[in-house]
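Asks: Attaching a single structure in structure tokens format; questions to follow.
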Amino acid sequence: MLPSTIQTLTLFLTSGGVLLSLYVSASLSYLLYSDILLKFSPTKRTAQTMSLDCANASNVQAVNHSATKEMTFLLPEPEWTYPRLSCQGSTFQKALLISPHRFGEARGNSAPLIIREPFIACGPKECKHFALTHYAAQPGGYYNGTREDRNKLRHLISVKLGKIPTVENSIFHMAAWSGSACHDGREWTYIGVDGPDSNALIKIKYGEAYTDTYHSYANNILRTQESACNCIGGDCYLMITDGSASGISKCRFLKIREGRIIKEIFPTGRVEHTEECTCGFASNKTIECACRDNSYTAKRPFVKLNVETDTAEIRLMCTETYLDTPRPDDGSITGPCESNGDKGRGGIKGGFVHQRMASKIGRWYSRTMSKTERMGMELYVKYDGDPWTDSDALAPSGVMVSMKEPGWYSFGFEIKDKKCDVPCIGIEMVHDGGKKTWHSAATAIYCLMGSGQLLWDTVTGVDMAL
């Protein structure tokens, strides 16, 4: 407990003499909450005083002389974030739909932005809905080129989760045709990639400051994960890759602290092609990622990154439930876990999130319902085990998007509750207008809550012909 002492000195002067009255009052005040005591730093401040010359009191009319000691408290810096146990629950339910183009009749600042590659990242107090825009809105006159992956107009934008990404709601963070973001507990880190295919550049922004860059190392479309990076104790880990979409593309991880790259991590193992990883914490020691191989296999490359040693290894998932699209029939690939099988050309980013429990861990995945097209989205789960060696099928856990609706990229993220983390999966539902009209997306969100079965799928409600 800290005593707060107030001393007051009052000096009274009269024409007949000097009357000195000294009053000292000491009182103890006790802080009611010990955590406040621990978090706040005391700082002493002393008021300036005037000197008093009493040699000739007859010349003094009236003087007040006081000295005050004041105790102030400085607000503490926010804490770095660490993964916690997941909030209780045994099933995912439909949480939210963000379908901007249901409001497509709006014009001007209320018009929805044309976007793709949405993802969500959360800090201790808020979640942000990110996307890559084509710097165009619907309705509007700039639809040409909105189906392109990379051009000079694309930007990383965000809105607070639950807001519609319109012109007036959106914050434009940086020029980018590939992106990521994460919160370390104190501040946001934003990642954007743009530039020519042969010499693209990663740019890092920490809060409002642009802080660092990273250059292409294979001169073939340097790109990042299109979902949230992951932070622990102030260190944030970002997956990047550089290489052919139909050949070798070796990934790396960047360790970033307060917006600056402090280490490069070069994974070992099955490294031929790894891109668009969806990553999360299996524990305080390990980040795991389910990734995309666009060249050789319909199995997902699975990364384990040790944050204590800053080492990473990649192997293919062994499950007979193949998670990429296009893909062969489940269980049809023979041989060891590292066998590629057929129908490995092409692919899609997949959703993946952890459910951390005291006695076990759940790994939740998403994949399209169609084996050949980006249609529908189903949820799967596997408790415990090792994705590198377990060949058993994943357990289906419900339909999030029916076969009649588009199911494109999907991603994982976690919402911070007061004492636990809520795992969620988001789904990009693309309005594919081809090259003749606008090309944009809605976002469906499913989160762990309660028990029972996943009850309802999501529709965008958008008719592009209107």
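Even glycines carry a Cβ here, placed using N, Cα and C.
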Asks: Which of CYS337, CYS447 is the other half of the disulfide bond that Swiss-Prot records for CYS424?
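Replies: According to Swiss-Prot, the disulfide partner of CYS424 among CYS337, CYS447 is CYS447.
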Asks: In the predicted model, what is the mean pLDDT computed over the region 'Head of neuraminidase' (89-466)?
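Replies: Across the residues of the region 'Head of neuraminidase' (89-466) the model's pLDDT averages 97 on the 0 to 100 scale.
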Asks: Of CYS231, CYS318, CYS337, which disulfide-bonded residues are close to CYS291 (disulfide bond), meaning a Cα within 10 Å of its Cα?
Replies: none
Asks: Looking at the disulfide-bonded residues listed here (CYS87, CYS231, CYS337), whose Cα lies nearest to that of TYR409 (active site, nucleophile)?
Replies: CYS231
Asks: Taking Cα atoms as reference points, rank the disulfide-bonded residues CYS127, CYS277, CYS279, CYS289, CYS318 by distance from CYS447 (disulfide bond) and give the first.
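Replies: Comparing Cα positions, the candidate nearest CYS447 (disulfide bond) turns out to be CYS127.
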Asks: Going by C-alpha positions, which of the recorded positions (ASP149, CYS229, CYS236, CYS289) is nearest CYS122 (disulfide bond)?
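Replies: Going through ASP149, CYS229, CYS236, CYS289 one by one, the closest to CYS122 (disulfide bond) is CYS229.
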Asks: Should CYS318 (disulfide bond) be counted as helix, strand, or coil on the basis of DSSP?
Replies: coil
Asks: Distance check, please: Cα of CYS87 (disulfide bond) against Cα of CYS289 (disulfide bond), rounded to an integer number of angstrom.
Replies: 21
